[in-house]
Amino acid sequence: MIVQVVVDVPTGGTDRLFDYKVPDHLQEIIESGMRVIVPFGPRKVQGFVISSTIETDIDKLKDIDEVLDVTPVLTPELLELGDWLTTSALCFKITAYQAMLPAALKAKYKKEVKLTHKECLSQLPFELRKWFEHRDVVLWEEFLGTDDKPLIALIKKAVTDGFLEVIYKVNDKVTKKMIKVVKPISYENLSMQLEELDKRAQKQKQVIEYFLKHPNQISVNALIELANTTRSTLKSLIDKGILSEEDVEVARDPYANRIFKKTVPLQLTTNQEAVIQPIYQSINEGRHQTFLIHGVTGSGKTEVYLQSIAKVLEEGKEAIVLVPEISLTPQMVQRFKERFGSLVAVLHSALSTGEKYDEWRKIHHGRVKVVVGARSAIFAPFKNIGIIIIDEEHEATYKQEENPRYHARDVAIKRANFYKCPLILGSATPSLETYARSKKGVYRLLEMLERVNDVKLPTVEVVDMREELKSGNRSMFSNALFEKLTQRLNRGEQSVLFLNRRGYSTFVMCRDCGYVAQCPHCDISLTYHQTSRSLKCHYCGHQEKMPQKCSSCDSEHIRFFGSGTQKVEEEIAKVLPGARVIRMDVDTTRKKGSHERLLTQFGEGKADILLGTQMIAKGLDFPNITLVGVLAADSMLHLPDFRASERTFQLLTQVSGRAGRHQLPGEVVIQTYTPEHYSIDFVRDHDFISFFEKEMGIRKLQSYPPYYFITVIQVSHPEITKVIEITDKITAFVRRSLSEKSIVLGPVACSIPRIKDRYRYQCMIKYKNEPTLVNILKEVIENYKREINQGNLQVSIDMNPFVLM
Ligand SMILES: Nc1ncnc2c1ncn2[C@@H]1O[C@H](COP(=O)(O)OP(=O)(O)OP(=O)(O)O)[C@@H](O)[C@H]1O
Ligand SMILES: [Zn+2]
Ligand SMILES: [Zn+2]
């Protein structure tokens, strides 16, 4: 037997199938979709078996070295999907397949063969039984060490029968997660020890008082937060023999120790009922259809998702739910876990390699039926998908900005088509592309334009900050916002303050000469980080000390500017001294679990104001939030991206949607320097349709999506003359090769013209119908293959760019 293998050597020349011979002892085992080790030139590399044949026209074939799997990791459907990805996302085959698998399967990890259950021992064939007589786990290598090759075939059979399991030992440091916990050495002595402490040791007393109220061990980090204390205080108490500290292991399943209260399906509202019927119908008829649920914030979309999934599970099928990384909040996950319990796997980037692998394995083995996850969960290896749901379908995170540059929506359509099942796109602010398609009837539009239970959408007030300044208010809060915040504090209601960080980070500027600290390797300003008092480049990681003097004019008046969340927090402390604030941004949520902890605290009413960036814009559903304040609505409006207005409208609508979702009515204050801009103006009336029409007019005028498709070719090189020369040639070639109806722009410098000392130029193609485009682009890559492989030149092609930089 001969198999065709895609090898893990991602270069142009190797992006094809290679033939290998299958040695006798592997003939019975090998299947398409398995990973193998094959000799490739002088090396041994990993590869995927794609297909098999009996004939070949090559006379001297090398043997497959080893099989890495006993059951395929890629199903025939996924193999085909990968093939499709290589053209639709213009990537190498190996890159496509690897994108579908958890990282644990990419590297070579040790494998173990494990007895599924003690009682399975007697079921094993004699040859295998002796291996497991005295232990449950045998290293794969031990089997390979014997000459007894047929063993592997026996293992494979036992795995198929469910008696054995093959598991990868992922040796990442986080496999076993350890945390430090502290507890009093003796609870009985605590009160006495409190008495004995020096009067001045207030901080230490506070900790002991905490333990008197909560007599349990607690993680050091949580204690520092909850008892408002420091590491050094704890250390003193440990040194005095009052507390003890130890390392304990925490479970790898982030939700393992949580008990989820089972929820039952809610009685659907008339609107929800009207929306779910066509979905049920598509499920019943086993017919693929893409639906767009355009549902305002709080209209009950999630309940529609849950009941659609329930229906699919009844049919014995599986469900994939995609949510944007940022809103993969504990609250969101909880709603699925509460309804479907342990049938749910969760996949997101915050999991360690080991945890991701664990979740993937549950899906692969069919132990779960629902996966809730970020973008890459779209590749979940289910074999009988009954529904795919993409929540907040307009979110840019569904587009992967590195190879393979796929959009999860396109992959979803492809898979839903294969499984003949419905795909549901949901959003309060659908992307222009999707809404346009639903208006043309390509997708079926389902509307939920009112909130559940007659709850009203919040009233929105837009405040012109220029006027505020004119009238002498120099604070970052307008009078209106300040007044409403005070009101909330008096009434004991909660507020959300939103600060868009993108395009609005803190930079360092000289007040005398206007010099802005720049990264020496990238054409972008450095960002100030308070905690380390340093300047950092977000593109290349370059870091330097906060300068004392301006490097341009020597002035000492060099300060950081821009209003980061920390600065807002300080301002609140000044003007609303009584307010309790929880700040949520990249700095306060870096540690795992802190996101969840902060939200829980806010939900329990432990703070009056939740202050944060993008990560608080969506998904939050807290009854006591009655005010949302947007501090600087325009910060995203002026980014050099044709989707800037659309993003602004979407984001403002989403944050506004956090207010007044239950009994109490909500209010929103949007502060801006451009109140007349339509993307801010239409938020006032929650008027998506008018926004859509206005924005479509502009896109048409400028030949942008959804009227045109765009493809961007970006070229980078350490020498600027080279970059310009090559981009120029590419642009000319593309222009020559395409029809006259297409628009080819360039060469122009990218909006960040230099990153990591590489100059960047681009060519943009706008087109409606160019069947040969993929081939033309492949030719471009082929032409420069040699220079690309040598490493100086990079050419990246994005056939549907989402973030233009
Ligand atoms: N049929 C129903 N009966 C009673 N309450 C409901 C029903 N459907 C949804 N709700 C409640 O209404 C609130 C809003 O619903 P949900 O969060 O599902 O809306 P959503 O459209 O997903 O919102 P968003 O897009 O803003 O996240 C929730 O508190 C939910 O529990
Ligand atoms: Zn200066
Ligand atoms: Zn840099």
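Cβ coordinates are placed from backbone N, Cα and C, and glycine is handled just like the others.
Values in this document were obtained by computation on a predicted structure and should not be read as measured data.
Features reported for this protein in TrEMBL:
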type    : residues                       : note
DOMAIN  : 282-448                        : domain 'Helicase ATP-binding'
BINDING : Cys510, Cys513, Cys550, Cys553 : Zn(2+) 1 binding site
BINDING : Cys519, Cys522, Cys537, Cys540 : Zn(2+) 2 binding site
DOMAIN  : 545-707                        : domain 'Helicase C-terminal'
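Cβ-based neighbour count (10 Å, all protein chains) for Cys513 (Zn(2+) 1 binding site) stands at 13.
Checked against ligand 1, the binding-site residues Cys519, Cys522, Cys537 give no residue with a Cβ under 6 Å from it. Counting only same-chain residues six or more apart in sequence, the Cβ atoms lying under 8 angstroms from the Cβ of Cys519 (Zn(2+) 2 binding site) belong to Ser525, Leu526, Cys537, Tyr539, Cys540, His542. Summarised as a single figure, the pLDDT of the domain 'Helicase C-terminal' (545-707) averages 88. Neighbours of the Zn(2+) 1 site: apart from Cys510, Cys513, Cys550, Cys553, residues of the same chain with C-beta atoms within 8 angstroms of the site's C-beta centroid are Arg511, Asp512, Gly514, Tyr515, Ser551, Ser552, Asp554, Ser555, His557, Ile558. Cα to Cα, Cys522 (Zn(2+) 2 binding site) and Cys553 (Zn(2+) 1 binding site) are separated by 22 Å. In the vicinity of ligand 3, defined as a Cβ distance under 6 Å, the following of the binding-site residues Cys537, Cys550, Cys553 are placed: Cys537. Shown are the binding-site residues Cys522, Cys537, Cys540, Cys553; of these, the residue with the fewest other Cβ atoms within 10 Å is Cys553. Proximity of the binding-site residues Cys519, Cys522, Cys537, Cys540, Cys550, Cys553 to ligand 2, judged by a Cβ distance under 6 angstroms to any of its atoms, singles out Cys550, Cys553 in sequence order. Mapped onto three states, the DSSP output places Cys510 (Zn(2+) 1 binding site) in strand.
Each of Pro520, His521, Ile524, Leu526, His538, Tyr539, Gly541, His542, Ile755, Lys756 belongs to the same chain as Cys519, Cys522, Cys537, Cys540, is absent from that list, and has a C-beta within 8 angstroms of the C-beta centroid marking the Zn(2+) 2 site.
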